[in-house]
Amino acid sequence: MIDINLIRDPKTREKVVESEKKRFRDGLAVGKAYELDRKRIEMNFRLDQINTRINQLNREIKSGYRQGKNKEDGDLSEKVAEIKGLSDEAKGLRDDVKAVEDELNKVMKGIGNIISPSVVVSNDEKDNPIVRSYRSSRNMQKNPRPFCVLMKDFTHSVAGAKVMGHRGYYLSGKMARLAQALTRYAIDFLENKGYTYIQTPVMLRRDVMRKTSQLSDFDDQLYKVEDDLYLIATSEQSLAALYMDERMVPQEVPKKFCGQSLCFRKEAGAHGKDNAGLFRVHQFEKIEQFVICGPEESQKYHEEMIKACEEFYQSLDISYNVVGIVSGELNDAAAIKYDLEAYFPSAEKYRELVSCSNCTDYQSRELEIRYGVVKENNRKIYVHLLNGTMCAVQRALCCIVENYQTGDGIAIPDVLQGYFGGDLIELGP
């Protein structure tokens with residue numbers, strides 16, 4: 001969530017409202033958060049007054065005892081009665097403070113990160129600006145077939161639906177080997193850039209998941225395993241929590257991770273979209289870039305991360321556009337986000353393979369991942385967290401299959417042939 005101090009200061013509070021309006025919200029949550037925070041401060045001030053008075057009364061009672069008085073004496077009995085009344089008031093106040101804090105936390109989680117000035121203000125993804133492009137020089141197959149047709153003998157979607165339900169699948173044979181080759185190549189690619197390979201938990205406790213996900217994701221995206229456990233939708237969630245409740249000094253950052261995990265998504269908002277094939281499924285594998293850095297370096301690493309993605313897809317010789325995501329399409333945690341959209345020749349469309357976000361200190365504040373050893377202006381400083389898909393394996397596989405189809409089958413990209421152990425997947429008629 002954002003820094004509550006931004007809401008307390010009238011000047012910065014207006015900036016938060018402006019940022020919310022860029023997300024095409026009314027900004028009323030900012031005013032509500034301000035009122036709840038002020039109410040909390042007032043109640044805590046009253047609690048401090050009560051505690052101070054109780055401590056004073058206890059000292060006076062002890063002094064009276066030392067003078068030989070007992071609690072039935074008039075002045076002491078009045079003091080004892082006052083302590084009881086104050087204690088009852090304090091108990092009620094503490095309950096009220098807890099209720100206000102819970103409501104404040106809920107409201108604050110609904111306020112998005114401060115949007116970067118460079119983000120285009122729009123609520124229509126058609127306005128996403130193209131930042132950079134790459135075009136393959138390979139000769140494409142005429143009348144290309146869609147990936148779902150090309151892969152049908154390897155995905156066993158009917159059997160998958162029987163055992164798992166909608167969007168279930170098995171992946172077999174050389175297509176599964178190609179997926180494995182793509183995974184190994186993506187890991188090696190990032191390790192060669194100084195990233196530390198890490199396999200993450202695929203389940204997180206509810207209290208941890210709440211700190212790494214939007215509230216709307218709990219219903220729309222996340223699978224619940226037990227009352228207190230959820231399956232991750234991306235390894236970003238488990239990587240973000242790796243240093244939860246810790247302090248990192250400048251010498252420890254940046255930390256750059258290549259995360260590998262299975263991912264699970266309900267895709268509740270995608271009913272009717274991409275029903276065929278592996279492009280949009282409930283269970284998939286993903287190789288993720290994740291960077292932890294100091295506040296002054298996150299913009300630099302954000303650019304480095306998207307350029308690493310570009311190098312990866314250039315090495316696969318896949319045509320793509322990098323687009324900047326408009327303000328109204330940003331998730332709450334992101335201050336700025338790039339998508340890499342790759343070309344699918346059968347539809348003659350560019351479709352998202354990569355999302356790369358700078359979340360600044362939005363997630364680290366809730367996770368209490370602090371930065372440095374001193375407070376700035378008596379305020380805590382937090383690390384910045386960045387995430388970016390390197391390879392969503394099933395989606396990237398669909399893209400490669402379409403782009404590398406030939407009259408004989410599926411040609412294997414040069415950089416994958418050593419991992420795959422060949423240069424062609426033969427297809428039946």
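Each Cβ is built from the backbone N, Cα and C atoms, and glycine gets one as well.
Note that this is a predicted model, so its numbers are computed, not measured.
Swiss-Prot has this to say about the protein:
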BINDING   Thr234, Ser235, Glu236, Glu288, Thr389  L-serine binding site
BINDING   Arg265, Lys266, Glu267, Val281, Glu352, Leu353, Val354, Ser355  ATP binding site
Among Thr234, Ser235, Glu236, Glu288, Thr389, recorded L-serine binders, what is the largest CA to CA distance in Å?
10
How many angstrom lie between the most widely spaced Cα atoms of the ATP binders Arg265, Lys266, Glu267, Val281, Glu352, Leu353, Val354, Ser355?
19
Candidates Thr234, Ser235, Glu236, Glu288, namely the binding-site residues, that fall within 10 Å of Leu353 (ATP binding site) by Cα distance:
none
Of the binding-site residues Glu267, Val281, Val354, the one whose Cα sits nearest to the Cα of Glu236 (L-serine binding site) is Val354
Distance between Arg265 (ATP binding site) and Thr234 (L-serine binding site) at the Cα atoms, whole Å?
9
Cα proximity to Lys266 (ATP binding site), best match among binding-site residues Thr234, Ser235, Glu288
Thr234
Neighbour-count leader, CB within 10 A, binding-site residues: Glu236, Glu267, Glu288, Glu352:
Glu236
Tell me the Cα distance separating Glu352 (ATP binding site) from Thr234 (L-serine binding site), rounded to the nearest angstrom.
16
Going by DSSP, is Lys266 (ATP binding site) part of a helix, a strand, or coil?
coil
What's the number of neighbouring CB atoms sitting within 10 A of the CB on Val354 (ATP binding site)?
25
Neighbouring C-beta atoms (10 Å sphere around the C-beta of Ser235 (L-serine binding site)):
27
